[in-house]
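**Q** So TrEMBL lists the following for this protein:
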DOMAIN    111-229  domain 'FAD-binding FR-type'
BINDING   Arg170, Tyr172, Val204, Ser205  FAD binding site
Amino acid sequence: MKDRSNENESYSRIHRHPSSMLPRHFTWMLERYLGLGSIARPSQPVPVIGTFTTSIPAFKNQARLLSTVNTSGSRQRRWPWYLLTFVSGFGSAAAYKFFTEPVPDPPLNPQTFSPYTLVSKGQISSTASIFTLRPSHSVALKDGAEIYNQAWKSGIWSVEVKQPQLQIARAYTPLPPSDLLPKRVEDDGIGLRFFIRRDPKGEVSGYLHKLPEGATIDLRGPHLEYKIPNNVGEILFLAGGTGIAPALQAAHTLLSHRSCLPTGSPKIRILWANRRRDDCKGGMSYQNSAASGASKPLGLWPGHVQPKATPPQNESLEYAGGTPPAPLVKELMALQKEYPSNIRVEYFVNEESTYIGKVRLDQCINDKSSWTCPSGREPGVPGEANTGRKLILVSGPDGFVEYLAGQKVWDNGKEGQGRIGGLLSMLDLKGWEVWKL
């Protein structure tokens, strides 16, 4: 008879220890999570899910901390079924929310239009208003503010505003942030403001002025119109009407983001021309040249009529005639007060017969004196040396730009600068660069 002792012994050993047919780590997991009692408990740690051993000294302590094997021989504590159900359900819900919740969209996109809500519309004059807009959809505030911040640092930029009925768009330049605004408007950095004039022939401007507060306006951008060079030293900005918006952008970029340059502290002088006083109410202006008998020409840029006198170097920041200043005048005055050595603003009003002319332009281009009287410096003494680039920027209606700097041209479907013409072509611009916006 065949000796079956070894076979019986093996058979007996298998049946006495049913768990021996399973991997040791599997029986240990059954014991822990199903509460089956002592089932051939492993005598030493073995590699299982969530557990590892190592002979590398640098990781021995971490391996010991991460190990979930109980080697003490004591019975593992059972989790109540309802607790396990709650934990697994909560984890599933959290995972579902994480993977299905939509990521907030950026507030602006250069390729597609994004919906904004018209928060307020403040009338500045009979033809112009300031529009305040905020994103209509949920946005990540940090990412949204960063998009604007990068644009403000770069220079002059615009966004497109869509007229949905005609499916056309027009570019408008946002006004920069201001400390004078109510906190609810721009406290999170994602609100945008626009200074828009209602043009009787303008499809987009007419559409915007008819909208009530709470209406949706589609924007696309930002689009960089002019990148202000890092080594700029001085800017002469010639602004006509709503062209003050890019002028304010340039001032914001220089004073808020370029205040410390190796070429010296940058300076900007803004000459702002308007047809009516309402647009720049309260701003300092030159003497009315009508008293000298000069005829009153038509338009915003007559050229042959000059200011009677230039303002003194220590021009007061008080507004003219005791009239409360218009909102944008107030913002310009605040900048002058905060940066007295870096910004100067002059106002020209057509109905008061004061205009930007050749004489005044020549004075600004060749001005070597200090703009203010800091402590220890007398009026007229040359100010801080500045070796940076000198720029003349022109922004406003087409006729205004053409009169001062010449026409822009179209080449292969793109708008180009063209040659320098107008009043600037009659002046010695050595050392100056001209750019038409």
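Our numbering is plain: 1 for the first residue shown, then up by one each step along the chain.
Keep in mind that glycine also has a Cβ here, set from the backbone N, Cα and C atoms.
Keep in mind that what you see is a predicted model, and the values were worked out from it rather than measured.
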**Q** Do any residues at least six apart in sequence from Tyr172 (FAD binding site), in the same chain, have a Cβ closer than 8 Å to its Cβ, and if so which, in order?
**A** Ser158, Val159, Glu160, Val161, Phe194, Ile196, Ala245
**Q** At its widest, how many Å does the recorded FAD site span between Cα atoms of Arg170, Tyr172, Val204, Ser205?
**A** 10
**Q** If you average per-residue pLDDT over the domain 'FAD-binding FR-type' (111-229), what number do you get?
**A** 88
**Q** Using the CB centroid of Arg170, Tyr172, Val204, Ser205 as the FAD site centre, which other residues of the same chain sit with their CB within 8 A?
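**A** Neighbours within 8 Å of the Cβ centroid, excluding Arg170, Tyr172, Val204, Ser205: Val161, Gln163, Ala169, Ala171, Ile196, Gly202, Tyr207, Leu208.
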**Q** Please list residues from the chain of Ser205 (FAD binding site) whose Cβ is under 8 angstroms from its Cβ, counting only those at least six apart in sequence.
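**A** Arg170, Ile196, Arg197, Arg198, Asp199 - these are the non-local Cβ neighbours of Ser205 (FAD binding site), listed in sequence order.
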**Q** Taking the Cβ of Arg170 (FAD binding site) as the centre, count every other Cβ atom within 10 Å, in any protein chain shown.
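**A** Excluding its own Cβ, the number within 10 Å is 18.
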**Q** Counting by DSSP, what is the helix, strand and coil composition of the domain 'FAD-binding FR-type' (111-229)?
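**A** Helix (H, G, I), strand (E, B), coil: 26 helix, 52 strand, 41 coil.
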